[in-house]
Amino acid sequence: MQQTLPVIRTTPADMDWGTDLWDQCDQIEKHTQSGIDLLELYVKFVKERTEIEQSYAKQLRNLTKKYAKRGSKDELDCKFSNHASFQEILNELNDYAGQREIVAENMTTGICAELNKYLQDLKQERKGHLSEAKKAQQNLESSFKHLESTKKRFAKEWAEAEKATQQAEKTEHDVNATKQDVEKAKHHAHARTHTAEESRNDYAAELQKYNKEQNYFYYTEIPQIYNKMQEMDEQRIRHLAKGYCQFSDVEKNVLPIISKCLEGIAAAGNKINEKQDSMLFIEQHKSGFERPADVEFEDYTQGIKAATSDSSLNPPKVRAKLWPFNKKHKTSHAEKQMPPAAEDFSHLPPEQRKKKLQAKIDDINKELQKTQDQSDALEKMKGVYEQNPQLGDPTSLEPQISETTHHIGRLRGELAKYETWLSEAVGGEESANVINNNAQHVNVAADQTRNLYTEFDDEFEDVDPPLGQCTVLYNFEGNSEGTVSIAEGELLSIMEEDKGDGWMRVLKGNGKEGFIPSSYISRDS
C-alpha cells in the first residue's frame, strides 16, 4: 500500500507582491477589494446572528414570565415539590436567556464594533496605497512624454542640420554663387549643426534621467507600495481570523454558566419527592370526617303501626349526605351573593378548621405579646417621667397607655373566643391539652417579658439626669447603629453633649435613646 505523505505548505522567503506581481496592479486592486468585501460580509453575518440571539433571549424571558406562578393560589401550589421544581426550571431558563443576551452583547462589542472600526481604517489605508501607486505611474508617464518631446526635437534639429550642410556644399560648388553666399551658407550649416548637437545632448541626458526614474519605479517604488498592500491584506486576514475565533470564544465563555443552568434544571427534577407531595396534599385537605356507617335495613313487612307519640320522639333516621362525592354545579347568582366564610371557620372540615383556628390563635398571641411589651414600656416611661419631671410630662403618655390597654383587652377577648372555638373543634382531653399549651406559650412569653423589664428596671436605676431640653429642627432617619430617628418639632432630652464630632446623645419621649446630628436641634432656654 502506498503511504500518503502529509502536505507541507511552504512559501519561498523571496516571494512577494512587489517582486512577483509588479505588473499586476489591476489584480492587486481587485484582490484587496474582495478582501474588504469579505470582511464587511462577515460583520453583517455576525450582526444578524446577534439579532437572532437577542430575539431568542427575549422569547425565552417572555416564556418564563408567562408560566411563572403568581398569586396566593399559585404560592400554595408551590409548596409541592413538583410545582416548586417547575418554578426553579423557569428561573434557570431565565438565567439561560441572560447568557444568550451576553453572547449577543459580546459579539456586538467584541466582533462587530471592532471590525467595523478596523474596516474604516483599512479602506483609508488601501485608498492611500492605490493613490500613491497611481501618482508614481503618472510621474513616470509624464517623464516619458518629456523624453519623447526631447527626442522629437533632436530628430528635427538633426534633419535641419543635415539640410543646411547639404545646402552649404551645394552653394560652394555653385559657379554662380559669390564668396559671400558661400560663407553665409557655411555659417548657417555650422549653426544648425551646433543646435543639433545641443538637442542630441539634451535627449541623451533626458534618456538617462528617464531610465533612472523607470528603474526606481519598477525596482523600488512600486515594489514598496505593493509590499505595503501585501502586509495590509495579510493584516486584514489576521483580523478576520481573530474574528472567526472570537465567534467561538464568545460562546465558550458562557458555556460554564449555561452548564450550571442545565445542571440546575436537572437538580430541580431530582429534588421532586412524590411521597412528600402526597403527604402535603393530605395535610392540606384532610377533613377529619368519619366514613359513613352501613345503611340499616328497614322492614316494611311489619305493616303500618298506629301513630304514637313515639314518632315525634324518635323521628326516622335520615341518611348522612355523602359530601365527598357531590357533583359540582354551576354557581348561581344567589350563591355568589352569599356572605363570606364563617369567622369560626365552621364552614371547613374538622381538620382544616383546627389548623385555621390554631393559626389564628398563634397570630393573636404574637400581637398580644407585642402590645403588652409596648404597654409595659409606656408604664415604665411614665414612672421615669414622674421621678424626673425634666424628662417629660407623665400626662402626655396617658392617651397611648389608654389606647394600648384597650387594645390588650380586645385581643384577650379575641383569644378567649378562638380558644373556645378550638375547644369545641378538638373536644375532650385534647382540647384541654391545646388550651394548656397555648396558656404555657403565653406564660412563657409573659415570663420573658417580666425578665426583660426587670433588666429594664435595673437600667433605669442608673439613668443619668438630662442635661437639658431641645427641639428638633429637621427630620433625621437613624438607620445606622447607635442612632435614633427624629421628626421636626419633636421635644428631646439631652443626655450627652457634642464632644466635637458633630453628634450628641438624646432621649425621646417614647424611651428610645441614641445619637443625632448636633446641628439638627435647637436648645430650649
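Just so you know, the numbers here start at 1 and follow the chain as drawn.
In case you wondered, yes, glycine gets a Cβ from its N, Cα and C as well.
TrEMBL does not curate its annotations; it predicts them automatically.
TrEMBL has this to say about the protein:
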DOMAIN    15-277  domain 'F-BAR'
COILED    112-181  coiled coil
REGION    181-200  region 'Disordered'
DOMAIN    347-424  domain 'REM-1'
COILED    354-388  coiled coil
DOMAIN    465-525  domain 'SH3'
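Each residue in the domain 'REM-1' (347-424) gets a DSSP state, and the totals come to 72 helix, 0 strand, 6 coil. On the 0 to 100 pLDDT scale, the domain 'SH3' (465-525) averages 85 in the predicted structure.
Secondary structure counts, DSSP: the region 'Disordered' (181-200) has 20 helix, 0 strand, 0 coil. Using DSSP to sort the residues of the domain 'SH3' (465-525) gives these counts of helix, strand and coil: 3 helix, 27 strand, 31 coil.
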